[in-house]
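S.K.: Structure provided below as structure tokens; questions to follow.
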Amino acid sequence: MSADGLVSAAASAEEQAFEAGLRPRTLTEFVGQRKVREQLSIMLEGAQARGRPPDHVLLSGPPGLGKTSLAMIIAEELAVPLRMTSGPAIERAGDLVAILTALSPGEVLFLDEIHRIARPAEELLYAAMEDFRVDVILGKGPGATAIPLDVAPFTLVGATTRSGLLTGPLRDRFGFTAHLDFYAPDELARVLTRSAGLLGVSLTEDGAAEVAGRSRGTPRIANRLLRRVRDYAEVRADGVVTRDVARAALRIYDVDGLGLDRLDRAVLEALVGRFGGGPVGLTTLAVSVGEEPETVEDVAEPFLLRAGLLIRTSRGRIATPAAFEHLGLEPVADPLGRSQAPLFSNTGLLAEGGLLPEDGLHPGGG
């Protein structure tokens, strides 16, 4: 399944419109991220007591965990307007000047994908965040003149899925930073129960648990699966989403008990069935499943790594014992006759998400 598939954390424009009706409006309604909610609540209450805008907020974490919802909640809790834009939409410094000078006092500016903002615009943002001022340059060369323009006090909420790409000067200007983590199954079940109530879906407790367990720790995926399961319940069942109904529905959509889709399983089956569990190079593995290496690396591998089904080593990709177990197979011995378990424990592993100079490491591999 492609990056925009059923268990992808990315959201289409149509889905974003649908999500608007499910978003929580207050920190109390927001499920999960307990520490982040508590920290935000204290900061917002303190700012309101002082009668000043709160510090600028940076929210990081994988897509689909609620960064946009929290930005909306911040504005709602402060009872101020919210203006939304994104890093890719700001191509020139002038684009940002137009936005900043139009802000009303206390307004919240939400800048999604802030790591993708153009460098000239980012540099202009520094003074706006610190001094509520922007310097507009008129002319070029030695005769250029800087005209300072005041900006109404505001709160910037930046969101990023790749905080490592933020420059130090930009990151340092945020007074509050928080990282959103993946959700536990019980938290996702609460998200699903709330969404089912808003959508008018009859969802049993075990049905919610079943969908939650296949949602990859991501509320956006959970809500997407709920919509598909609802369709199945209405068309082929009695309209009630039970555990059995959820299982039958998600079987049709090729989402298994761990939340793996067609591509995920194809990668695992190739790694285990064709290459004996590895190690095997990325290019060889991608060719074996008929996908581009970038697709395997960016779409399938992140969740397989997080689920403990695949690891990256200096010799290539290797299937873990859990991968064999998930496929209903026994771990095989490596060419030296050892079991897979010592191989995993003795291999020097890079941190999850690291890139390795491996390829052509399996016999016959590319």
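Every residue gets a Cβ built from N, Cα and C, even glycine.
Annotated ATP binding site per Swiss-Prot: Leu22, Arg23, Gly64, Lys67, Thr68, Ser69, Glu130, Asp131, Phe132, Arg173, Tyr183, Arg220, in sequence order. Annotation comment: Swiss-Prot describes Thr68 as Mg(2+) binding site, evidence class sequence analysis. Residues or ranges marked as DNA binding site by Swiss-Prot: Arg312, Arg317. Under the heading region 'Large ATPase domain (RuvB-L)', Swiss-Prot lists 3-183. Under the heading region 'Small ATPAse domain (RuvB-S)', Swiss-Prot lists 184-254. The feature region 'Head domain (RuvB-H)' is assigned by Swiss-Prot to 257-366, with sequence analysis given as support.
Map the listed features onto the structure and describe their local environment.
M.R.: Gly64 (ATP binding site) falls within neither a helix nor a strand when secondary structure is assigned with DSSP, and so counts as coil. Of all Cβ atoms in the shown protein chains, 26 besides its own fall within 10 Å of the Cβ of Gly64 (ATP binding site).
Thr68 (ATP binding site) counts 21 other C-beta atoms within 10 Å of its own C-beta, drawing on all protein chains shown.
Mapped onto three states, the DSSP output places Arg312 (DNA binding site) in strand.
Confidence across the region 'Large ATPase domain (RuvB-L)' (3-183), taken as the mean pLDDT and rounded to a whole number, stands at 91.
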S.K.: In angstrom units, rounded to an integer, how far apart are the Cα atoms of Gly64 (ATP binding site) and Arg317 (DNA binding site)?
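M.R.: Checking the Cα atoms of Gly64 (ATP binding site) and Arg317 (DNA binding site) gives a distance of 27 Å.
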S.K.: I need the CA-to-CA distance for Tyr183 (ATP binding site) versus Arg317 (DNA binding site), whole Å please.
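M.R.: Pair distance, Cα basis, whole Å: 27 Å.
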S.K.: Fewest other CB within 10 angstroms, which one of the binding-site residues Arg312, Arg317?
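M.R.: Among the binding-site residues Arg312, Arg317, the sparsest Cβ neighbourhood within 10 Å belongs to Arg312.
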S.K.: For the binding-site residues Phe132, Tyr183, work out the Cβ neighbour count at 10 Å and name the residue with the minimum.
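M.R.: With the binding-site residues Phe132, Tyr183, fewest surrounding Cβ atoms within 10 Å: Phe132.
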S.K.: CA-CA, which of the binding-site residues Leu22, Thr68, Glu130, Phe132 lies nearest Arg317 (DNA binding site)?
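M.R.: Checked the binding-site residues Leu22, Thr68, Glu130, Phe132; minimum Cα distance to Arg317 (DNA binding site) goes to Thr68.
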S.K.: Per DSSP, to which secondary structure element type does Tyr183 (ATP binding site) belong, with helix, strand and coil as the options?
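M.R.: SS state of Tyr183 (ATP binding site) = coil.
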S.K.: Taking only same-chain residues 6+ apart in sequence, whose CB is under 8 Å from that of Glu130 (ATP binding site), what do you get?
M.R.: Arg173
